[in-house]
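The following features are taken from TrEMBL:
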type   : residues : note
DOMAIN : 23-150   : domain 'Mycothiol-dependent maleylpyruvate isomerase metal-binding'
REGION : 70-89    : region 'Disordered'
REGION : 200-230  : region 'Disordered'
REGION : 247-266  : region 'Disordered'
Amino acid sequence: MAANRSRADGLRWTARGSELFFGALAALPDDRLDRPTALAGWSGKHLLAHVAANADALVNLAHWARTGEERPMYSSPAQREEDIEAGAKSPASELRAWAVRAAETLDARLAELDERQWRRNVRTAQGRTVTAEEIPWMRAREVMVHAVDLGAGVEFGDLPADFLAALIDDITAKRSAAAEPALTLTATDHGGTWAVISSGEPAQVTGSGDPAQGTGSGDPAQGTGSGEPAVVTGTLAGLAAYLSGRRSDGVTGARGEPAPRLPRWL
């Protein structure tokens with residue numbers, strides 16, 4: 001399936017994702033934020049600091065789009081990690097306030113952009129050159145997926161179906177570009193089909209289903225560009241969870257076996 005999301009979609013999904021994320025956050029007492037999440041090495045405070053810092057970073061891109069003055073998301077990958085670690089040591093009340101303030105500032109800065117500014121090129125933290133139209137999608141992806149990662153009751157099945165389809169579009173494109181093992185994926189409740197098209201040697205798989213390493217509980221996915229793709233089926237929500245490295249109940253191979261393990265997504 002080809003990605004056909006619009007700026008309006010991204011803004012709508014950002015708004016809904018923010019509702020889900022901050023609603024889930026409000027349900028968590030402060031002491032829960034000190035506990036580990038399903039993301040290896042991260043507590044709830046790490047996750048909250050990451051989401052807050054992401055909004056600040058996207059404000060930098062909005063400034064770039066509005067003024068033409070280059071302002072990268074982060075000064076360096078090391079700075080990004082240092083900000084998260086420093087934030088994780090902050091009191092929960094400060095982290096909550098930072099996350100809300102940063103999200104509100106991002107919303108305000110995006111609302112200031114005119115049509116010409118939306119079309120201005122900016123650069124993502126991964127080094128991709130995109131137009132500012134991509135900023136709402138980048139934020140929607142963060143708040144939607146991390147609303148699930150908070151572990152406060154939001155599941156992939158609670159996310160909008162059109163967002164899930166767009167997320168699968170996005171991840172399969174990234175995995176294809178990374179020369180990962182070939183897959184054909186079918187959503188049993190949606191009718192959608194996707195492919196990860198391998199164009200090189202199989203990517204290295206580490207871990208055993210850990211979200212920060214690989215995903216899936218079966219054998220590592222095999223195949224190169226000339227091999228037959230592994231067939232994977234599941235619900236739309238299950239496929240999105242599987243491809244993004246989260247727990248993916250009910251996602252299986254062609255004969256009902258566990259879906260192949262995949263390399264890390266991001």
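Each position is counted from 1, following the chain as shown.
Using the three backbone atoms N, Cα and C, a Cβ is placed for every residue, glycine included.
TrEMBL annotations: computationally assigned, not manually curated.
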Per-residue pLDDT averaged over the domain 'Mycothiol-dependent maleylpyruvate isomerase metal-binding' (23-150), given as an integer: 97
DSSP-derived helix, strand and coil totals, residue by residue, for the region 'Disordered' (247-266): 0 helix, 5 strand, 15 coil
DSSP-derived helix, strand and coil totals, residue by residue, for the domain 'Mycothiol-dependent maleylpyruvate isomerase metal-binding' (23-150): 87 helix, 8 strand, 33 coil
